[in-house]
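Taken from Swiss-Prot as is:
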REGION    1-62  region 'Domain I'
REGION    63-139  region 'Domain II'
REGION    139-185  region 'Domain III'
Amino acid sequence: MIVGMEGIVERRDPTFIHLNVNGIIYEIQVSINTSNAIQEKRVKLFITQVIREDADLLFGFMDTNEKKMFDTVLKINGVGPKVGLAICSTFTPETFAKVVASKDVSMLKRVPGIGPKAASRILVELADFIVDGNAAEGSSGALGEAVMALESLGFKKDAIQKALSGCSGDTSTLVKEGLKKLQRL
């Protein structure tokens, strides 16, 4: 599973980039917010990989909160990567959390591909979606990356935070420590 990529931007469009990673050029789907945030030729993106029968798709994000938002909406029945990316292009994670908290169906219906029925389902299923302030602070650091890696392995966020409390070190050290502690929980 690919969780991150670093390389040189060969081509940039509003909804995708071509990223040269050691001579191999990948097409990575991005939100408009991520596309606008790319200012340098060399970038590091957090990746969600979606493997289907007919395609192997990469979705890239500059911000871990945006990646978390994308991954969360993908878990909702009837919401695919296209709609997930449209949500990420329409809202920042903070704005999306406010829309969900206020149960604002009309705001959610502004997203291309979301009608009243889908908007209601999203609001019901994401009632507890919050942008974690602590995760936002450490999202670019080792702790945020370790939490993201452990979540991608299927562990619950509460258990991960419990396991990583009091731990320090680089990302790989934190992931190893987290796995050891999570096996005991």
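For all residues, glycine too, the Cβ spot is worked out from N, Cα and C.
Values in this document were obtained by computation on a predicted structure and should not be read as measured data.
Per-class residue totals from DSSP over the region 'Domain I' (1-62), listed helix then strand then coil: 6 helix, 38 strand, 18 coil. Across the range of the region 'Domain III' (139-185), the DSSP-based residue counts are 33 helix, 0 strand, 14 coil.
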